């Protein structure tokens, strides 16, 4: 099935380059826009599987655009393609409903894989910012060790915590399977149990939960 995309970035050269690159990989480009307001207007009349947008855009920034997109559709996937490595931007984007966070410095293959990941229901986080996440939340992690969340300690098994950490870092089910030597089906079951225990439904909420509690 052909995956359809809408691209939003105010840098024309970059946007045109993305159109060519992603078209060559078999993606259908429904529309390309240069600001957040235009993006929202396009989404009111056009459908796509994935929206790829920058954080820094004129008229309506990417983070504010996420909120507007979610008012229109809860099912469309959202990938932030940005130069911002700051954890605050990542956390804010995921909490608002983004499904992926990819740096503009990422490779072609990684971007293509991120698109496929979010379409399949995964959350895609660029490994290029994983070190920043770990450094930024190191203090929080120590705090949680000293004052653990009782509900989390009691309700999640050690295997579930292990899987939660890997999911939050952007690993796919297949990658987790290879890493932990358990089946994809088992991982899916664990993820379902984790979401039930902590009271969330979407993977984006699972990511936010892990980040808020210093697990990555």
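From the backbone N, Cα and C atoms, a Cβ is placed for every residue, glycine too.
Among the features that TrEMBL reports, domain 'Response regulatory' is placed at 4-119. The 4-aspartylphosphate annotation in TrEMBL covers 54. Residues annotated as domain 'HTH luxR-type' in TrEMBL: 149-214.
DSSP labels the residues of the domain 'HTH luxR-type' (149-214) in these numbers: 50 helix, 0 strand, 16 coil. DSSP assigns residue 54 (4-aspartylphosphate) to coil in the three-state reduction, outside any helix or strand.
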